[in-house]
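TrEMBL has this to say about the protein:
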TRANSMEM  20-43  transmembrane segment
TRANSMEM  163-186  transmembrane segment
TRANSMEM  192-209  transmembrane segment
TRANSMEM  241-265  transmembrane segment
TRANSMEM  277-295  transmembrane segment
TRANSMEM  307-326  transmembrane segment
TRANSMEM  338-363  transmembrane segment
TRANSMEM  375-397  transmembrane segment
TRANSMEM  409-428  transmembrane segment
């Protein structure tokens with residue numbers, strides 16, 4: 001669309017706000033850790049829930065994420081004022097701003113579990129709609145061939161994926177750092193208000209952008225929802241796509257999540273305050289940011305199958321390390337609990353998401369044209385559902401070994417079972433197909 005491209009030495013898009021829109025969208029996506037960290041303390045200290053209830057609420061609030069395929073189909077097929085990405089980002093931002101503002105302004109003594117749950121569900125509904133639209137933009141641009149005349153305005157799939165991951169990680173670093181320091185000073189509800197205002201700013205910026213300025217690939221014709229579902233069904237009939245998504249979902253769902261129990265163990269038993277947890281999460285986000293850069297520069301040539309399986313093995317090793325941590329082995333070796341929580345707990349938390357980067361790039365390469373939003377949304381939905389199942393399994397496991405808010409004697413056994421379950425998906429990693437290199441890459445190289 002642009003007659004004269006910008007200087008090739010710069011990767012910026014002057015007339016094209018793609019990087020600005022995606023950068024802001026994924027930055028907000030990363031910043032969501034701020035109100036969610038505050039929710040953990042609000043539930044524990046304000047509503048005095050036990051670890052199992054905390055984890056049940058956390059995972060149940062993620063149920064709107066499972067509907068991402070539906071949002072993707074609607075985004076692909078239903079145009080609003082001639083646009084089918086930007087309006088959905090705006091709708092998602094609006095729902096998030098309203099829900100977090102409601103939690104922030106309601107009286108703490110008047111907030112019930114039901115009201116809080118409804119607001120969290122609304123917030124995640126908005127977040128999932130916005131994420132679907134953002135992911136679809138990344139998939140659409142990543143599939144465009146990088147022809148020499150428009151090389152400065154085109155991106156490889158890996159380059160754009162790494163860029164948005166960096167933006168998300170940067171938002172996560174700020175959110176966790178701000179939350180860890182400010183929760184004790186200003187209280188959780190101030191964090192809810194701050195995030196609501198940040199999303200409102202995103203909304204005002206989004207509504208000023210026309211989708212035509214993003215230079216997204218033009219569809220030959222608009223297809224209806226039924227046609228879109230048919231195309232998604234055809235895509236899922238490809239074994240390489242179906243097996244990959246199944247492996248990703250199973251590799252997460254089979255692991256019983258013990259995040260709620262670990263949160264109580266660290267804050268209730270070890271008396272670690274929010275600032276340390278915030279620094280731990282910042283360390284993890286910084287590691288994910290560094291991973292995005294390292295992957296983009298050095299690891300793109302490594303087969304995704306080997307890389308994902310290796311990350312799965314590292315996750316299991318970290319979980320075995322947690323067993324030693326809870327048993328006090330590191331403490332007897334004069335390793336402070338604070339140091340372990342900051343470094344190892346922070347890294348383990350983001351390892352679940354680190355393996356998604358090469359997987360998303362692989363799926364974007366395999367994705368047929370025309371259903372990018374639907375397929376990427378299905379991947380996100382399968383991931384969300386797997387984490388929900390993982391959370392429910394974790395609640396059941398904690399109950400079986402007798403872990404409560406004051407009794408953690410069975411916690412090492414639960415962590416050991418978790419580590420063993422993490423190793424199992426490696427044995428069927430052959431379900432992950434080999435990478436497919438874009439045709440344009442060979443020309444440029």
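Positions of Cβ are set from backbone N, Cα and C atoms, glycine also.
Automated prediction, rather than curation, is the source of TrEMBL annotations.
Long-range contacts of the transmembrane segment (277-295) within the same chain: residues 30, 33, 37, 158, 162, 165-166, 169-170, 172-173, 176-181, 183, 263, 266-267, 341-343, 345-350, 353-354, 357-358, each at least 6 residues beyond the stretch ends and with a Cβ under 8 Å from a Cβ of the stretch. The largest share of C-beta pairs under 8 angstroms with the transmembrane segment (409-428) comes from 307-326, of the ranges 20-43, 192-209, 307-326.
The stretch in closest packing with the transmembrane segment (241-265), judged by the count of Cβ pairs under 8 Å and taken from 20-43, 338-363, 375-397, is 375-397. Same-chain neighbours of the transmembrane segment (375-397): 52, 55-56, 58-60, 62-63, 65-73, 75, 128, 131-132, 135-136, 138-139, 232, 235-236, 241, 245, 248-261, 352, 356, 359-360, 363-364, 367-368, 414, 417-418, counting only residues six or more beyond its ends whose CB sits under 8 Å from a CB of the stretch. Scored on C-beta pairs under 8 angstroms, the neighbour of the transmembrane segment (192-209) with the top count among 20-43, 163-186, 338-363 is 20-43.
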